[in-house]
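In what follows, a single structure is set out as structure tokens and then discussed.
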Amino acid sequence: MRLDWRWAGRSAPSWLTRLHCILHNGKNPAHHLTTKFYQHILALVFAIKEINTNVKILPNVTLGFHIHSSYFDARMTYRSTLDLLFKSHHFIPNYLCSVQKKLIGVIGGLSSDTSSCMADILSPYKVPQFSYGSFESAVTDETPFPSFYRMVPNEALQYVGIVQLLLRFSWRWVGLITMDDEGGEHFLQALEPMLSRKGICAAFIERAPRKLHFDNAEEMIRNFYSNRSNFLDSKANVVIIYGEPATIMWLALLLWTRTVWIPLPESENPERSSAGKVWITTAQIDFAFLVFQKNFDIQMFHGALSFSIHSNEISEFQKFLRIIHPAWAKGDGFIKDFWEQAFDCLFPNSREPTKVEDRCTGKERLESVPAIFFEMSMTGHSYSIYNAVYTVAHVLHIMHSRTASHNATEDGNRQTYLHVEPWQLHSFLRRTSFNNGVGDEITFNEHGELTAGFDITNLVTFPNNSYVRVRVGRLDVQSPPGKELTIHKDRIQWLRGLPQLPPFSVCNEFCKPGFIRIKKDGEKFCCYTCAPCPEGKMSDKEDMDYCMTCPEDHYPNKDQDQCIPKIPRFLSFGDTLSIILAFWALSFSLIVALMFRIFIKYRDSPIVKANNRSLTYVLLISLLLCFLCSLLFIGQPNQVTCLFRQTAFGIIFSIAVSSILAKTTTVVIVFMASSPGNIFQKWLGKRLAHSVVISCSLVQVGICALWLGISPPFPDLDMQSLTEEIIVQCNEGSVTMFYFVLGYMGFLATVCLIVAFLARKLPDTFNEAKFITFSMLVFCSVWLSFVPTYLSTKGKDIVVVEIFSILASSAGLLGCIFLPKCYVIILRPELNNKGQLIKKKK
């Protein structure tokens, strides 16, 4: 049976619809009308009726239309397209009978293969063709059709939206279902590289058959169950479906057989029919079942997210649908077929016998039909058809307005209309831009594609097998790259019974911060194990491929998932150790001050006079300053303290050791010059001692001046030595010069030790050589142990070692040299007289 619909008019936009589906059943293919697509026809009729009744568009012009079905078959598509061009009552190609009204445009088809077949026929005749469904870019690039226009956006935008949607919900392990045809292969070739670049893997790829075969139902179901292990039980909880409405029919049949043939325990999730998947469908998909699938539960697709052609609700369209009945229009060759299948009834004049209760009354209401078979709201494809009709009408209106104005100028008030050929529409179509009845802008880009976006809709189902589409987002072609997708997560209703919302879809659990991904051998890169970051590194995000090093002033925390600022460390005055060291430094300074006071008080006593008072004073003052120098090492280092603490101590301590050397040398010279005529007699006196102190000290002053001139010490932050601390320290600048200072002090101490050791047995009453020897041994012991300790210590412990070395060496000199004298002066004053000293000498 051939079905068509003709509505006479002065100009006729024709339309080719895929209203029928061919189900193969042995040698006798059965035609089943897809009731859902009848809305496409009604959208065309509604648009033309609206234009014909609108006096502002094409006044005195009546549009008509011809509708033919392609039967989802390429051969029938070619035949029906030729019918549109040449048929009157007999089919004669390339012959146009004058009885037929002028064809000015064709709307169709829904799928890429239908559109391509139609374009092959229409393109040579330059008849404008408006596709309201799928048409891959690759097809048009290989075979350009200048008379072809898409009432849908470019399909590439859809791929961008899919990737952004997956990233928005962190879905990285997804399944792909496509139609087993060229369009499906093109989809996979375009989408898979985009997924890989964003770290998303395809868990499986399933190809749905283009035609459903019922030759052997048992074999078909067995094939379904063999596929079941591939994707229904996959860990991928998100499945992207690309194809045509037949793909949904195939998937619905697969899911239905699963629930019927595989009994599950009552405790099983009640939403088992959906296999626990979130379905993402492309704009070519429509949720349409055939009548034999009326027992299928649409709730298997509850929560699905769909990329839909942008549409706006037209209130008058629903009113129009409510007046539809079997006898509403003459020439509608589809209405009875649709009515019988939509309401599961038969008209009395049907060839098959009917019971009274099964007869169609014509009073049935379309709004009572479940949405899976017919929707009362205008779908995206119907909206595209509506816009296509208005596009043709708008262009014709412009052409007729110009023609009428021109003729009115030439012929007075008489208006005539110029004969319009289809090819004349193209120049107007390429630059057309207008707003349709609901305010949406209609304009084409340079490729003949509608410059519009996609709606993201959420399928919300109800127990009565009906559903509504809730708009939850938008894919805007005008938005900046990377921001095309807008999604409102709070509006989405997810599949019921899921353990987590939004659902996860990953090959394995995310690697937590502090871990990195390690790829599993032999598996896709989305499947991996997690390994902790090595010591000293961190990862602060999920699923990182490598660990990062913290900035120099930060360090990883215990869990290695964030960087913590390092704590500045220095020997502050508030530290307990600092308080102890400062206490000892001040205590020793006070002791030196007391001793100095004693020596001033008893400066005329024999024991003070006999030990060279001026050198004793210099030594005491030097030791006092040495103790106070240790305080420069406490507190936060700054430019001043760094410049002076090492150099000041080096010079002052060198003066102290030089004073001791001068005293020891004086004793030796005195003994050597005791015989008459000895050449050393001229060296006796204060001048020798002063010369030794000044000359030895000036050498250290020169070394320190050279150090400050070449590479002076400066405040520095050591962020590498300790993991969790920043060492605030004084960088010595030139380590070589630092060791020169220490080396020179060691040299003076060594000379002093040798001289004191040689003079220890000289017969002088007040010979201090023994005490000096012990003090130099203490000094050398302290500083010999200081060097390796200094090199092996970090942080503020270095400063503690330095302070301790200063205090210990200075205290050694103080105790060994001055403590015995103070003992005599304070506790044994009877020994502090000249007579006692002479007696002791004898």
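Just so it is clear, glycine is given a Cβ too, placed from its N, Cα and C backbone atoms.
Automatic, uncurated: that is what TrEMBL annotation is.
Per TrEMBL, the feature domain 'G-protein coupled receptors family 3 profile' maps to 577-841.
If you look up TrEMBL, you'll see 577-596 (among others) marked as transmembrane segment. Tertiary proximity for the transmembrane segment (577-596) is limited to same-chain residues at least six positions away from its ends with a CB under 8 Å from its CB atoms, namely 571, 617, 620-621, 623-624, 627-628, 630-631, 634, 800, 803-804, 807, 810-811, 814, 818, 822.
Taken from TrEMBL, the feature transmembrane segment applies to 617-635 (among others). Below 8 angstroms of C-beta separation, residues 570-573, 578, 581-582, 585-586, 588-589, 592-593, 595-596, 599, 641, 644-645, 648-649, 652-653, 655-656, 659-660, 663, 693, 799, 802-803, 806-807, 810, 813-814, 817-818 of the same chain, each at least six residues beyond the ends of the transmembrane segment (617-635), sit close to that stretch.
Under the heading transmembrane segment, TrEMBL lists 647-671 (among others).
The annotation transmembrane segment is assigned in TrEMBL to 692-710 (among others).
Sequence annotations record features per position, and here TrEMBL assigns transmembrane segment to 737-759 (among others).
Residues or ranges marked as transmembrane segment in TrEMBL: 771-791 (among others). Long-range contacts of the transmembrane segment (771-791) within the same chain: residues 657, 660, 663-664, 742, 745-746, 749-750, 752-753, 756-757, 760, 798, 801-802, 805, 808-809, 812-813, 815-817, 820, each at least 6 residues beyond the stretch ends and with a Cβ under 8 Å from a Cβ of the stretch.
If you look up TrEMBL, you'll see 803-826 (among others) marked as transmembrane segment. Long-range contacts of the transmembrane segment (803-826) within its own chain (CB-CB distance under 8 A, at least 6 residues past either end) are made by residues 571, 581, 584-585, 588, 591-592, 595, 598-599, 602, 605, 607-608, 611, 619-620, 623, 626-627, 629-630, 633-634, 649, 653, 656, 660, 768, 771-772, 774-775, 778-779, 782-783, 786, 832.
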Review point. Per-residue pLDDT averaged over the domain 'G-protein coupled receptors family 3 profile' (577-841) comes to what?
Key: 82
**Study point:** Tertiary contacts of the transmembrane segment (647-671) (same chain, 6+ residues out, Cβ under 8 Å)
**Key:** 611-612, 615, 618-619, 622-623, 625-626, 629-630, 632, 680, 683-684, 688-690, 692-693, 696-697, 699-701, 703-704, 707-708, 741-742, 744-745, 748-749, 751-752, 755-756, 758-759, 762-764, 767-769, 772, 775-776, 779, 806, 809-810, 813, 817
